[in-house]
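Colleague: Dumping what Swiss-Prot says about this protein:
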| type | residues | note |
| --- | --- | --- |
| BINDING | Gln163, Lys337, Arg366, Ser367, Lys388 | (2R)-2-phosphoglycerate binding site |
| ACT_SITE | Glu205 | active site, proton donor |
| BINDING | Asp242, Glu285, Asp312 | Mg(2+) binding site |
| ACT_SITE | Lys337 | active site, proton acceptor |
Amino acid sequence: MTAIVDIIGREILDSRGNPTVEVDVVLEDGSVGRAAVPSGASTGAHEAVELRDGDKARYLGKGVQKAVEAVNGELFDALGGMDAEQQVQIDQTMIELDGTPNKGRIGANAILGVSLAAAKAAAASYDMPLYRYVGGTSARTLPVPMMNIVNGGVHADNPIDFQEFMIMPVGAPTFADALRCGSEIFHTLKGELKKAGHNTNVGDEGGFAPNLPSADAALDFVMAAIGKAGYKAGGDVMLALDCAATEFFKDGSYVYGGENKTRSRSEQAKYLADLVARYPIVSIEDGMSEDDMDGWKELTDLIGSKCQLVGDDLFVTNVTRLADGIKNGRANSILIKVNQIGTLTETLAAVEMAHKAGYTAVMSHRSGETEDSTIADLAVATNCGQIKTGSLARADRTAKYNQLLRIEQELGAHAHYAGKAALKALR
């Protein structure tokens, strides 16, 4: 009944208007699973490879026809007739077929599309929601959203060097209340920025990209919006940063082009510690560059006991890199991006390894997204307690939030909003 009878790949557009891969997996009983693959802007050097065509005459070289051909040809030939319930076997077959350490031959975008679509098809065959199929009966934790309401770095055309300034409504009793809190702060911030003469257009992830001179200026605006919306910063709502420090790490130093400042490794760690002391910041992602291992250790030793330090470019959802980080005391949390590693099996393995080591895990979108809401289900399936999926604008972002609302309603009295328990510093 759950044998794979067809795999159909196609080229669609992501939220930036660039091509990406979408896959349908069709089973013997007629069940269909569909998955669309996201794409990042600030990508780690150690990520699995997203295969692009490179033909400048078509989509400026960003086409994905080669990946789609692999889905319809090589991958279907290898997986046709296989049982969609055998997720590990499906993913392992594709990894072995690709034959490279980074999925660079077939493309992680092709492999991931098939991996996720197969899981969704199997769930559909059982008439089960994906979160229940993947997570079992214990999947009931609704994640705290990290809402990216001010953008800088490569996500915006402004002087702010840090990539994301986020709010976390940890004090809400339910996910629905957390979402309402975030929305009210988002709209209040828009009014405050407008009043101060700033542009209120939104960036790739739906956050505002005002022309502000520094991280402090951005944080001050966010703090003011939280208060004006009727919430308490440091109680109802905490702050989070994504520094994306790899993007401004040059020749061993952190070069803040917007602020016209250069900081050494130690100065970078102390600067972040100072921000944590002055603002209710409970999570910092990529505070150090992906290959600045000494910097990561220094930062973790300095503030790891009071702040979640999330490795994104550092770990790239890769268990080998995560194991090394755990062993050497770098960071205390991992960002989980399905397309960084390229299969559902490897994604779940990274979450499991993190949890066993006492690290937290944050399920995450990419800046180039689609209407696909798979990561919402995966956040609940893994009980990871945190999700990062952009701001309160753009349908590619709200699709994930809306799916979480549906899941919370479906779970009813069994639903549990992670709240402050999601963060070790607040327990």
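Backbone N, Cα and C define each Cβ position, glycine as well.
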Colleague: Tell me which of the recorded positions Glu205, Asp242, Asp312 ends up closest to Arg366 ((2R)-2-phosphoglycerate binding site) in space, Cα to Cα.
Modeller: Glu205
Colleague: For the Mg(2+) site (Asp242, Glu285, Asp312), what does the 8 A shell look like? I mean other same-chain residues with CB within 8 A of the CB centroid.
Modeller: Gln163, Glu164, Leu241, Cys243, Ala244, Ile284, Asp286, Val310, Asp313, Leu335, Lys388
Colleague: Mind giving me a neighbour count for Arg366 ((2R)-2-phosphoglycerate binding site)? Other Cβ atoms within 10 Å of its Cβ, every protein chain shown.
Modeller: 27
Colleague: Just checking: which of Glu205, Asp242, Asp312 have a Cα that is within 10 Å of the Cα of Gln163 ((2R)-2-phosphoglycerate binding site), counting only these recorded positions?
Modeller: Asp242
Colleague: What is the interatomic distance between the Cα atoms of the residue listed as 'active site, proton donor' and Lys388 ((2R)-2-phosphoglycerate binding site), given in whole Å?
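Modeller: Rounded to the nearest whole number, the Cα-Cα distance is 10 Å.
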Colleague: If you count, for each of the binding-site residues Lys337, Lys388, the other Cβ atoms lying within 10 Å of its Cβ, which residue has the minimum?
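Modeller: Each of the binding-site residues Lys337, Lys388 was scored; lowest Cβ tally within 10 Å is Lys337.
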Colleague: Cα of Asp242 (Mg(2+) binding site) to Cα of Lys388 ((2R)-2-phosphoglycerate binding site): how many Å, rounded?
Modeller: 11
Colleague: Give the sequence-ordered list of residues that share a chain with Asp312 (Mg(2+) binding site), lie 6 or more positions from it, and have CB atoms under 8 Å from its CB.
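Modeller: For Asp312 (Mg(2+) binding site), the qualifying residues are Gly44, Asp242, Ala244, Glu285, Asp286, Leu335, Lys337, Ser364.
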Colleague: These are the binding-site residues: Gln163, Ser367. Which one scores highest on other Cβ atoms within 10 Å?
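Modeller: That would be Gln163, with the highest Cβ count within 10 Å.
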